[in-house]
Structures are given as C-alpha cells and as structure tokens.
Amino acid sequence: MWVLGDAEFFTTSENYTATFISSFTEFWLFRFVDDCMTYAMVLLPCYLFVACFKDEKFETDGNVEGRFNNVFLSILFYGRKFSNKSKMIQASDSEHSSVSTLFSTFLRLCFCFVGLQVTYITWGVLQEKVMTQNYIRRNSAVSNVRSYDGFQDSEFLVFFNRLVAFLISTAVFLLTKPDAVIAPLYEFSYASLANILSSWCQYEALKFISFPAQVLFKCSKVVPVMLMGKVVQRKIYSRHDYTCALMIAIGVSLFMLFGGKQSSTRSTESVTVSGITLMIGYLVFDSFTSNWQNVLFDKYKISSLQMMSGVNMFSCVLTLISLIRQGRLFSSFRFITQHDNFGEDLLLSSLSGAVGQFFIFYTIRHFGAVGFTLMMTIRQALSILISCILYKHDITELGILGIAMVFITIPVKILGNAHLRKRTNFDMIKSSCNLCSVTDFYCIISCSPSTGMIYCYECSLYDWACLRSCRTVPHISAIYCEACTAWDFLCFSVCVPSPTYTVFKLTSWSLSYISIDCSREMGAYRYMQEIWRKKQSDVMRFLLRVRTWHYRQLSAIHRASRPTRPEKARRLGYVAKQGFVIYRVRVRRGGRKRKVTKGQTYGKPKNHGVNQLKMKRSLQSIAEVLIYLFTEFSCAKRELKFQQRVGRRCGALRVLNSYWVGQDSTFKFYEVILVDPMHKAIRRDPDLQWICKPTMKHREMRGLTKAGKRSRGLGKGIGYSQTIGGSRRKAWKRRNTLSLRRKLCFGLSFICMWNKGVKNQ
C-alpha cells in the first residue's frame, strides 16, 4: 500500500512539474528571452568581427575570389557607391517634361489615399484574424467532427512578412537600378533587431488586448518617439509637441481603463498587464527603429528601397536561425498545410504590408509627411470601426471619448507643426543642412548645387531673406529674372526656359549690372562660376578689393572657416564634412633675390641682392609648400614664427589642392584644402580613402597637386611631350625600353610545340 501510494504521489508530482514547465515555456516572457538569446548568439560574433577588422583596408586582388571577398568586406564595413548615369539623365529629362496639373494631382491623391486604406486596413484585419481566430483542420471534414486550432507562433509571422517584403523590395530595386549608395551592411542590423522585437511584441499583444486598443497604443507612439529622439538624436521639442503628447496619453489611458468589457474566459489583470507590457515594448523598439533609420538616411543618403531591403534581409536571417534552433519552423509550415485558409490569409497579409510600404514612400514623396500622416490617421479610425463590426468589440462611452481625444489631437498636432515650421523657416537666419549637418546657410551652396541662394556682402549670408533688412545697404548682389521680375533665386524652378539673367549691384547712387548667359538650368554653382569669371565687373572689382584689404590685415597663414569659392573648392575635391580644413596663405609677388656673397655688391646695398631667381615653382605651388615649410620666402620674422607654428600644427594634414582667391600689387592670396588622414570620416569614405595611403604624404612637395602638375609641365606647355606618363623619368624609360612581348610569346609557343613534338617521337 505504501509503495503504491508513493508511486501515485510521484506520478502526480511529475505530471504537475511537466504541466508547469510546459506552461512556463509557452509564457510570452520566456519565449521573448529565448529569442533574444538566439539573436545575441548570432550578432555578438559578427559585431566582434566588425570591431576587429573595421579599420583594415581591403584592396582588390587579381584573382576573382579575392576580389569578391574584398568587395564584400568593403561593403560590409564601409559601404559602396554605384551610379547609373544614363538612368539619371533619363529621369531628369522626364521630370522636366512632366507638367503637374490640378486634375493629375487630384488623381494622384485619390490613388495614394485608396491604396493606403485598402492595403493597411486589409493588413490590420488579417493580422487580428491570424492571431485571435481559430482555423479548421483539413482532416476534420472526413471524420465529420470539426476541430479548430489557433496559431501561436508570432516569430514565424515576423519571418514570413519580412521575407515577402525583402523579395519585393529587392526585385523593385534591381528593376529600377537607381543611383545607389550602399551603406555599411552591419549598420542595418541594429534597426533590423529592433524591428523584429517590435513586430513580435505587436503580434503577441493581440493575444491579450483587442485590436482597437492596439491601434490607440500605436497612436500614442509619439511619446516614446520624442523620448528616443531626445536620447538618440538629441532633438528639441516645443510646448505644442509636449501638450499633444499628453492629450494622446490621456485618451489612450481612458480607453484602456474604461474602454470595453474583458472576456469572461480571461483574467482581467493578467490580460491588461501582459498586453500593456507588450505594447510598451513595441513602442520602445519601434521608436528606436525609426530614429536609427533617420540616422542612416542622414549619414549615408540611402534610398527607401535600400533601407527596406537591408533591414528585411537581416530580419529574415535572424528569425530563420531562431526558428530552426527552436524547432518551430517546420511545425509552422505543417500548420499551414493542415489548416484551411491560413496560408492564404498569411500570404495576403504579408503582401498587403509590403505593398503598403511602397504606397508610404510614394505618398511622402508627392504629398509630404503631413499629408501621409493625415491619411494614416483616417486609416486607423477606419480600422477600429471595421474591427469592431467584424469581431464584435464592446466599447463604452468613456472608450469612445478616449478614441475621439486621440484622433482629434493627431491632426491638430500635424497642422500646428506644419504652421510653426513654415513660419520658422521664413524668419530664422540659420538652418541645418541634411547633408553635412552644419547649422549654417553656407552649406547650402556646398551641398546642394541645384539650390539657388543669394549672397549678401553686408551680412555674409547665402540667403534671400536678408534682403529685407539689408536692402538699403549699398553693397548687395541680387539676381533679377527677366521672366517673372523676381529679385531672388526662387524663380529658377519656374522660369527655367528663360536663358538670360542679369546680376545687379545695388548702390545708393546707381544701378550697375552684368549680363550672364547661362544654360537651361542655372544653379548656385553656375552662378558663382560666372561671377568669378568676370573679375572686372562692378560686383567683383569692389568685392576683391575689400577682401584683399581684409586678408592683408590677417596673418600670412591663417585658417579660414569656410572656402571663399565653394564651387572651385568642390571641383578640386573639397567636401563639406569632417576632416577637411581650409587655410588661407599670402605669398609675395615678383622674383626672388639671392643674398650677396663675399662682399661683391657692385655698388648696390647688400640686402638688395644681385640676381633674380626665376622659380620653377609657381606662386600657387609655393603657397601649398608654405603650409609645411618655413623657407627663405618669408618676408618678416613675425610671419616666419607664425608659419613655424602652422607647420607644427598642420604636420599631420595632407594637401589636397589649392585655388586663387585674390591678389594686389604686392601679394597673391590662395586657399589650400587640407585633409586629416586619421579622421574616421575620411578613412571610412570609399571616395576619399586614397589620400590616407602612405604614398600620399607631402603631395605638395612632390608635385602631385594641381598646381604642382602644372609646374611640372603635365598637361600643357612645350615640355608636355617629355612628361607623358607622369614624369620625365617614366617618359625616358618608355622610349628607351625595347618591348619584346609579341616576339617573346611567339618564341615560347614555338619552344613548347617543339618539346611536345620531341616527346611524341
């Protein structure tokens, strides 16, 4: 009896233990931790590999395998840039030829609105159906007993959705073939991991809360997005933003606390706590995803298709490895084959989400973020209404009040932000550039040549708004369009067919002008280039005189905050990014004197010298050398000491090129572009890595700059024929070396044939 009792006791305890373990393993928190550990096992070795080999340089070898490996590693660590010029030219021509009318805009608006509503309402309804409804087994029809099963694996849904989105985005990207800037692949993994976890929390939350509650939680995403924006991007928000975020949070709280009746089969507390916890996780991960994607967009200027492909690629790999390790991949496919309509719902839901992404990109491009957000707000309201009708969700009066507060606050927030942004852009003096992230109007000239801005000589701003305050000042350069009689660059996008523009110099007593005949489209670079070509015009004569006087008051070598001629600096390789430095150098004009030796002055003062030295170097090349060397070309001890300090300070920089900025009767002034080869922004740029090589040290001393090549006779002059190939030595070696390649190959082939014949005999 005791033996039988002990056996029964142990059997019962084992059953309880097995039940507890199975219930614990099915708990969402355990599965979340298990998935995170799987992702960590995959990503941590990859991150260690990137940290160890990130600063290596991957040169392409001769063999195909080595070239493929090096290209892959360079894309993984640094990214790469591909261009499609023919496609770009065709696109630009089609953009100029297309004429936007009111009717076409209305049709496009209807197309975007209907596309967003159909795709995302379908996606939301099917998403709730897949996670909350039961599906009929296919073999139950044979036994006349219907059995229903529900799908519980949220990670498989994430995998399938990302797989469909990756295939569609990659196919569209390969078919369109736009100008591509591939960002480092490993940086997509951060957004991918956060996107996987946010989607998993979203699917898992539908087991505990209703779809309307989930939609309202998504509407309150502005609160964690603002918090993440302050942490990740250090943004500053206005009181209007904080007020709207508070109203949305109050509306969501009203709906969650008093919105509807919970089902009797579930525990209210556990359902509410688990659902709210999962939705908070969704909001945190999703807000990090959006902010990290903004960082990638601003840093690498990639397209939306590339972002979609890169993030979905890592998501497919991570979720696939996790499903295989936990043994849930084949069971999920088995569920698809054993249940009716589940595969169709899953595929249609994934297609709706992927196609909806393209509607998002198209809507934002044509109607902006404001129009897109208003359309999505309407979509969310319709999704709640359709979900309540189809799945019979009960909503109380306080729940309806909370929904109304949320959906009224969102349009108010959007329209208020648009109004504030418009007013701020008109009144503010400085703005932030999306390319170089510099809060200055000067970067608009350097970073966007198609944007025309006007330069005021009084306040030194590239902005047309300063004309309001500086119009009475005598020295303002403005541009006048003869087509629309506008005094700014803004008419260029409208009046492109007008071939002639007139640049005026406004003075208090007269109005002088020069006429510029430009091409069909004239941006800021072309405008500045034409101005600098006409140095004897009224505008440039006065400007150069004032600038040379200002340069004479400064030291012989001093650092400039920005290039004086941005269009010339950009042609010579300057980029408005970290790692580039501009120095302005003053060089005395005229020949050089040699000191008198042994007292042979021939009746002249000793310090005047006796012979003029005709220098092989140009003054521009000397200006580049002066950055590093303090030679006998200095004209005063004070300048010599300053040049010594500059040489010590700039010893680690490398000269890229230089250009002329002005001259007077005594001096010539040049600006020298210097690059820091140790800066990460330079070492990681595929287009600028060449200057970090050891062979690029002291380029100005070896005549490798543009001025140095001119002094060496490369490209023009009588001695050009003697320096073809890079130097006189290479030209002499090429002319005096006998090449026997054809004869040698013929001799080797004859010897091989003769040896083969001897062996056959």
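Using N, Cα and C of the backbone, Cβ positions are placed for all residues, glycine too.
Annotations in TrEMBL come from automatic prediction, not curation.
Nonlocal intrachain contacts for the transmembrane segment (106-126), taken as residues 6+ away from its ends with a CB within less than 8 angstroms of a stretch CB, comprise 211, 215, 345, 348-349, 352-353, 355-356, 359-360, 362-363, 366-367, 371-372, 375-376, 378-379, 382-383, 386-387, 390. The transmembrane segment feature in TrEMBL is assigned to 106-126 (among others).
Feature annotation from TrEMBL assigns transmembrane segment to 156-176 (among others).
Under the heading transmembrane segment, TrEMBL lists 240-258 (among others). Under 8 Å from some Cβ of the transmembrane segment (240-258) lie the Cβ atoms of residues 212-213, 216-217, 219-220, 222-223, 226, 272, 276, 395-396, 398-399, 401-406, 409-410, 412-413, 416-417, 420, all in the same chain and six or more residues away from its ends.
Per TrEMBL, transmembrane segment is recorded for 270-285 (among others).
Remote same-chain partners of the transmembrane segment (305-324), defined as residues 6 or more beyond its termini with a Cβ less than 8 Å from a stretch Cβ, comprise 35, 38-39, 42-43, 155-156, 158-159, 162-163, 165-166, 169-170, 172-173, 176, 178, 180-183, 185, 188-189, 191-193, 195-196, 293, 296-297, 332, 357, 361. Residues annotated as transmembrane segment in TrEMBL: 305-324 (among others).
Within the chain carrying the transmembrane segment (345-364), a Cβ under 8 angstroms from the stretch's Cβ atoms is held by residues 112, 115-116, 119-120, 122-123, 126-127, 129-130, 157, 160-161, 163-165, 168-169, 172, 304-305, 308, 336, 371-372, 375, all 6 or more beyond its ends. Feature annotation from TrEMBL assigns transmembrane segment to 345-364 (among others).
Residues or ranges marked as transmembrane segment in TrEMBL: 370-391 (among others).
Among the features that TrEMBL reports, transmembrane segment is placed at 398-416 (among others).
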